[in-house]
Amino acid sequence: MSKRTVQFKIYRYDPDKDAQPYMQDISVELEASDKKLLDAIVRLKTKDDSLSFRRSCREGVCGSDAMNINGKNGLACLTDIDKLAQPITLRPLPGLPVIRDLIVDMTQFFKQYHSIKPYLVNNDPAPERERLQTPEDREELNGLYECILCACCSTSCPSFWWNPDKFVGPAGLLAAYRFLADTRDQATNERLDNLEDPYRLFRCHTIMNCVDVCPKSLNPTRAIGKIKDMMVRRAV
Amino acid sequence: MVNRHVVGAHYGLRDWIAQRATALFMAIYTVVFGICALTLPELSYEAWSGLFSNGLMKFATFLFFLSLFFHAWIGIRDIWMDYVKPTGLRLVLHLITIFLLVGYAGWAAQILWRL
C-alpha cells in the first residue's frame, strides 16, 4: 500500500501549560507498514513529540494503550487504522482524572481491583509441586483469567463513572468471579460477603457497555450474573 | 473525621431478587388484567367496578400495586444512589420516596376496597 495521510483530532492537556484541555487537529503521513492505530500515533509523535500516551507491548497483551477511539474505548495496538472514520478522534479513557494528553490516573481503577483480593486464598499447606485441578474445573476459568486490566470496560461503565470509589466496576468484578470460580480458592464466603453491597456489586444495571468494548472479547456482565447466582444459591 | 470510604453494607441481594420477582408478577398481572378487561361484556362503569369487586381481583390488584411500589422503591433508590452524592440529601430523598410510596399504597387500598 502506498503512503497515505490520516487526519486526527486529539485531546490535548498539559497541566503545566494549559488552563483548559483542547482538541488538536493534526494529520500524519503513514508508511505502508503502519497498520494499527498505535503505529500512526507513534508516527505522530515523531511530528509532535509533546504528545503523551502509554504503550508497551504493541500487541494487545499489556493493556497500556487503552484510549477512547472515535467515541469507543479500545486498544490502539489492536485497532486497524484503515477501518476508522476520519478525522480519528482520540480522547483519554472517560471518567478517570487526566494526567496529561491521553494518559489517565488509574489509581481508582486499581484500588477497586485490589479490593476484591485478586489472588488465590488457600490456607492448606502448599503442595510440593502445584495445586491440581480437573480439566473441567480449569475450564471454568476460561473467559476470566485473560483480562489484561486495560480499563476499557470500567471506564465505559456509567455506574463506574458515577461511583468509582464504591462500585467495583466490570474489570474488578470479572476478576472477583475468576477467584470465586476457582476450585482451589477457599475464601468463597468472604468474597461473596465482600461483594454483597448495593454499591460494590449491585450498581451494575446490566447495560453491557463493558462487553461491547472489551478488546479481549471477555464478558464481565456474564461474570457479574454468575456472582449474583452464587449469592442467590447461598441465600435462598 | 476520617476520610475513608466505607463499603460493605451487606444487603442488596434481597432487593435485586425482589425487583425481578415484582417485575414478573406485574407482567403476569398485566396479561391477566388485559384478558379480563377485554372480555368484559360491555365497557361501562358497572362492568368495570364489577370486575374489581371480585375478591380475587382485589387481592391480585392490590398485590400488583404493592409490587409496583416496591419495584419503584428499588428503581428510584438506584437513581438517588447513582446520581446524588451528598449523603444527607440522599437520605432525605430516600425518606421522601418511602413516604410517598407508602402513602400511595394506602391510597390504592382505599380505592380498591371502596368498590
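Backbone N, Cα and C atoms are what each Cβ position is placed from, and that goes for glycine too.
Features of the protein shown, as given by TrEMBL:
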TRANSMEM  B:21-40  transmembrane segment
BINDING   B:H71  heme binding site
BINDING   B:Y83  ubiquinone binding site
TRANSMEM  B:92-113  transmembrane segment
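Other Cβ atoms within 10 Å of the Cβ of B:Y83 (ubiquinone binding site), summed over all protein chains shown, number 11. For B:H71 (heme binding site), the number of other Cβ atoms no farther than 10 Å from its own Cβ, over all displayed protein chains, is 19.
Between the alpha carbons (Cα) of the residue listed as 'ubiquinone binding site' and the residue listed as 'heme binding site' lies a span of roughly 19 Å.
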